[in-house]
Amino acid sequence: MLFWFLLLFAVLQGLLEWLPVSSEGQSVTLLVSFLHIGSQEAISLSLWLHLGTLIAVVLKYYKELFFFIDFRVRSPEVVQWRWFILVTTFGTAITGIPCYLLLSYLGENPVFGEYITLIIGLALLVTAFVLYFSRKVEKEGVTIAELSKKRMLIVGLLQGFTIIPGISRSGTTVGGLLFLGVDKEEALKGSFIMSIPAVLGGFTLNLSWSLITHEPVLLFKWWEISLAILVTAIIGFLTIELLLRVAKKYSFAFVCLVLGLIIILFFLLGILL
């Protein structure tokens with residue numbers, strides 16, 4: 001039975017990754033609240049499923065990625081994109097690693113597991129705030145290649161905080177780029193390309209932490225998690241174009257606000273009852 005729930009979460013991950021509603025936050029909430037999986041195990045599973053959406057991103061932007069890794073191509077724009085990936089990855093590590101280690105440390109405390117849903121609810125309210133105000137400043141702006149390295153670093157630092165369940169990675173990074181004056185189409189592209197090294201880094205960090213602490217890497221068999229990653233990749237690739245158009249057209253600030261309030265309400269009811 002647990003395996004079928006895993007596949008369901010894989011489908012949800014493939015769908016929600018492209019919408020600024022924190023796919024990790026929704027998955028962790030469901031895993032903790034309904035399957036009673038520990039908060040640390042739930043976050044770990046979410047990081048593994050992100051490998052599937054990473055595959056989908058690589059398939060969508062493979063042409064651009066080919067130019068970025070082909071160092072025979074030295075046009076100013078491509079060189080700036082390389083700097084963008086490098087600097088944002090560095091910034092993500094600065095904030096992301098401490099956040100992950102803190103979550104891992106707190107996850108060992110049973111009390112933290114009881115409050116994880118409250119944290120996710122509050123984080124979704126933060127996401128709603130970012131999405132709302134990023135829409136207010138949206139305009140035809142600069143390209144990624146025109147960003148200064150200081151501004152690239154700021155976006156990377158923001159991405160590091162999105163390892164906290166409930167803070168949407170795409171919503172935060174796209175919002176940050178819009179605040180910095182980047183065109184929306186370019187911001188979406190930059191957000192997903194900068195996610196590739198971040199997801200790989202998060203996966204490596206999670207695996208390393210499990211090996212260092214001698215904790216089980218996963219609650220599932222290897223073939224089960226591999227199949228779930230494949231399902232996430234397929235669903236993600238098939239829906240990325242449609243859902244990105246939806247994300248560009250509509251604001252999800254209200255959705256995040258409602259989800260955050262509902263999760264907080266469930267947490268409070270759980271305490272009172």
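Numbers here mean position along the shown chain, with the first residue as 1.
Cβ coordinates are placed from backbone N, Cα and C, and glycine is handled just like the others.
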Expected hit for transmembrane segment in TrEMBL across 20-38, 115-133 is 115-133
Contact yes or no, the transmembrane segment (192-213) and the transmembrane segment (225-244), 3+ Cβ pairs under 8 Å, gap 6+:
no
Result, the transmembrane segment (41-62) in contact with the transmembrane segment (225-244) (3+ CB pairs under 8 Å):
yes
Take the C-beta pairs under 8 A between the transmembrane segment (115-133) and each of 41-62, 83-103, 250-272. Which stretch has the highest count?
250-272
For the transmembrane segment (83-103), distant same-chain residues with Cβ under 8 A (at least six beyond the ends)
39-40, 43, 68, 144-145, 147, 149, 152-161, 163-164, 190, 193-194, 196-198, 201-202, 205-206, 209
